[in-house]
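Accompanying notes for the structure given below.
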Amino acid sequence: MSDSEDMTEFASIVERIERGEVPIKNIERELICPICKELFTHPLILPCQHSVCHKCIRELLMLNHEDSFDAGSECSLPGSPRSRVPSPSMERLDRLVRSGSISSPGWRRGSVTPRVTAIPCPGCQHDIDLGERGISMLFRNFTLENIVERYRQAARAAVAIMCNICKPPQLQEATKSCMDCKASFCNECFKLHHPWGTPKAQHEYVGPTTNFRPKVLMCPEHEMEKVNMYCEVCRRPVCHLCKLGGSHANHKVTSMSSAYKILKEKLAKSIHYLISKEDQVRTQITDLELLVSQTEENGQLAERRANEHFERLFETLQERKSEMLKSIEQSRTRRLDQLKVQVEEYQGMLENSGLVGYAQEVLKETDQSCFVQTAKQLHTRIQRATESLRTFHPASDPCFDEFVLETSREETLLKEMCFGGVPDPPLIDLSNSRVYNEASICWRLSDDHLPTDHHMLEYRRLGGPSKSPSQEDSEESGVWRATDRVYGASTVVSDLDPDSLYSFRVRSCRNSIFSPHSPEVTFHTPPAPAFGFMFSDKCGFSTDRLILNKRRDTVESVASMAFLLAAERVQTGSYIGLDYIIGDTGISQGRHYWAFKVEPYCYMVKVGVASDSKLLEWFHNPRDTSSPRYDHDSGHDSGSEDTCYELSQPFTLLTIGMGKLFIPKTSSSSTANATSGDPGNRVLPMPQRLGVCLDYDACRVFFYDADTMRCLYERQVDCSGTMYPAFGLMGSGKVQLEEFTTAKRLTF
């Protein structure tokens, strides 16, 4: 279809709309004010292009700013004819008026409106600033007023508009409405008030209506100027003064006729598209109604099935309850019967206490044959009673321990009971999860997970340093806290307490149904916040034997030509010197923690801290690196050489190598967990991850197993000047900084 044909079709659609051939139906929701929820009355266009009743926006401004009011709108019109049920906001406004806090707001110029005019749009909730002049800067939406009026007339077609000139009781139905006189006339009155040959004969008239609008739209900023241009930046009509020296001076504007043509074509094209897609929309509505019906039926079916399953569970539980209670009752009855028989037997023994007196009388019998005849049966009775007293045992056990019901497993199963469509809980990945003052928790998803499933990580503080009462109230230990929903397989938890034990668990959710929780895992936070740095290649860095990656978070020591040239010295029993590297950021106060990984194959790596006050002297006046000690062995093993060496060097280091960690000898300035001089107590397995904590203010350095946060070694350190993380490598080796240590510098 050509452009000319398109324009012809659009023009025909516009003509049909203007002639009313396209009926107005099902548009009531477009004519409802978002504040009062009734048909618009004198609507104003906000900067965001939404419309609000004039009276509603005045009330909204007054309620938002009770103490600040300004001059009112230019649109000074009679009060709204609509009636509304009194709302709390209206009652509050009436109280303000009656109390004299504000003047009664009128629709004339000079009526009060708020000075502060920043409010959220009731339609889109975006904040809008009406400027210093407030709602007086807003245009009335006359087009919307006309549509509302036509809608009202269509709704009350049986009610005629009467002539405003005729006197009762001879009122006539109006046939015309004059837009200049703003009144409705019958034929006779119109001829009488608009005689031929007078200026009134030139007045514009339309069909009978109660909605009158000005013939020309005036600029709200320049009251005597007509709007004749359209600002494409602000998307509103402006006058030539606005363009010349007003707020739209630097904005791009176009002529009103051009804007009218473009917008009318766009609107007509959109209407044409909607009309052409009416059958498609009806089909989609039918499909949606079918889906609504199916959803209702399937939901009721799922509910019935769930009820059936629970009823069966209730019946099974009731049966088991009856059976088990019956067995307890039977055992209780049997035991009571046995005990009652035994009580009766012993009661008989008390009642037969005359047996003793009878036996004593029998003993007085002197005739032997008579005595034997009587005493035989009597002896049997007395012997039976004596035996029962010696071997007293209750006839039954009063304890019902065998009837104790253990239901913890069943309770867990019931709590974890869920629909078949819910995935299995994810499992927290300990190898990839890291905890500092922030926790990066990763988990492995189940095989049946879907991309639409989301996950909830929960954590709680199990223990740590004591807190103030206010902190304890805000963060109760042991109370589970949950993160926001996560659609991936990891998340970060912030603001964890230092040196504390935390427990984590995670569960999945599908269609608002949660899976069971994953097994809990615990992590111990470091004793201080994470210190961020990367390796520095500026101070003492050996490019011959050390390789630094591009990210500067991994350093590797390799055999080089210089190492091979030193082979002759190796044969003589001497050592090759350490290659040092330090961090690019120093510490001058506070407590800081960092962690790293030393590869198990490393020959020898030393880790710790270094002082900048001694580094320059150390590198500018190199020591004899052919020996691990500055002073040669004095011939005895007193450790004095170590002490002298430690005082002279800028480093405080811990030795790691060949899969082992070596605790230094205890000296007056250091304290170790293994205080004995026994070499066996000074050698520990090398941790997978090692952590270092420097307390600058206390002049102490701590070495930790970063996985368990167990302190392996601590000692005093001379914190003179700025302290840097320091590493020394000999032979093949590799050190990799923890990701949290470099998180402030790198983007993952």
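Every residue gets a Cβ built from N, Cα and C, even glycine.
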Stated TrEMBL location of region 'Disordered', expressed as one of 70-90, 91-111: 70-90
Candidate ranges 460-479, 620-639 [criterion: TrEMBL lists as region 'Disordered']: 460-479
The domain 'Fibronectin type-III' (422-528), counted residue by residue under DSSP: helix, strand, coil: 6 helix, 43 strand, 58 coil
Within the domain 'B box-type' (214-256), residues counted as helix, strand or coil by DSSP: 7 helix, 11 strand, 25 coil
Tally of DSSP helical, extended and coil residues in the domain 'COS' (363-420): 35 helix, 0 strand, 23 coil
